[in-house]
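A.B. asks: Structure provided below as structure tokens; questions to follow.
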């Protein structure tokens with residue numbers, strides 16, 4: 001294992017509530033009901049895909065022009081930016097600071113594969129941006145998760161073969177993307193979204209480098225990786 005690639009939301013910090021509040025505000029303005037179940041469906045997908053999902057849910061997929069959709073996304077991001085500006089290093093999820101230190105101490109490269117265009121700002125607010133050797137810009141990709149491109153791009157930026165990478169996700173689309181990239185998939189959470197992961201932990205505090213090493217060795221044996 002030469003590199004570990006992280007998703008951001010739900011793995012490094014939890015801004016799901018901020019996404020929920022920002023999307024709910026927009027949905028209410030266009031008379032579409034929006035609840036937490038709907039918000040769960042948006043985990044791991046891009047802003048454009050999220051808006052399309054909301055519009056389809058509300059039967060309004062043909063109601064807005066592209067320019068109007070751009071304005072809705074701009075307003076959502078403005079609300080979200082205001083909310084994330086309050087983040088501090090205290091908002092790191094439990095165990096993540098420790099894991100980053102362990103990875104650095106063993107010279108294992110660290111990458112970020114997040115669909116969020118706000119990822120660099122969030123990492124700066126959390127005071128961990130300097131820990132990352134590569135941060136993928138999702139705006140440069142043709143497809144988002146579950147397409148593997150974002151993880152393959154991270155591996156290329158780190159100059160590490162995908163087969164030598166582990167990646168950590170909390171969403172079904174992300175797990176699918178990791179496996180399609182040919183990487184060791186670590187899922188944070190439980191239930192249906194974690195199906196397909198090579199290792200599942202209930203919460204980030206369970207993540208340690210020792211556990212990753214142990215499960216990585218078992219994975220190599222199962223997959224006959226030299």
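Each residue, glycine too, has its Cβ placed from N, Cα and C.
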A.B. asks: For the Mg(2+) site that Swiss-Prot assigns to 7, 9, which of the candidates 164, 170, 198 is also assigned?
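C.D. replies: Looking at 164, 170, 198, the one Swiss-Prot places in the Mg(2+) site next to 7, 9 is 170.
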A.B. asks: Show, in sequence order, which residues other than 9, 44, 45, 47, 116, 117, 118 on the same chain lie with their Cβ within 8 Å of the centre of the Cβ atoms of the beta-D-glucose 6-phosphate site.
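C.D. replies: Surrounding the site, in chain order, are 8, 19, 46, 50, 114, 115, 119, 138.
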A.B. asks: Check residue 47 (beta-D-glucose 6-phosphate binding site) against DSSP and tell me helix, strand or coil, would you?
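C.D. replies: SS state of residue 47 (beta-D-glucose 6-phosphate binding site) = helix.
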A.B. asks: Can you tell me whether DSSP puts residue 9 (Mg(2+) binding site) in helix, strand or coil?
C.D. replies: strand
A.B. asks: For each of the binding-site residues (7, 9, 170), count the other CB atoms lying within 10 A of its CB, then report the residue with the highest count.
C.D. replies: 7
A.B. asks: Once the chains shown are all counted, how many other Cβ atoms turn up within 10 Å of the Cβ of residue 47 (beta-D-glucose 6-phosphate binding site)?
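C.D. replies: Residue 47 (beta-D-glucose 6-phosphate binding site): 22 neighbouring Cβ atoms within 10 Å.
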A.B. asks: What's the CA to CA span in angstrom from residue 45 (beta-D-glucose 6-phosphate binding site) over to residue 7 (Mg(2+) binding site)?
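C.D. replies: Residue 7 (Mg(2+) binding site) has its Cα 12 Å from the Cα of residue 45 (beta-D-glucose 6-phosphate binding site).
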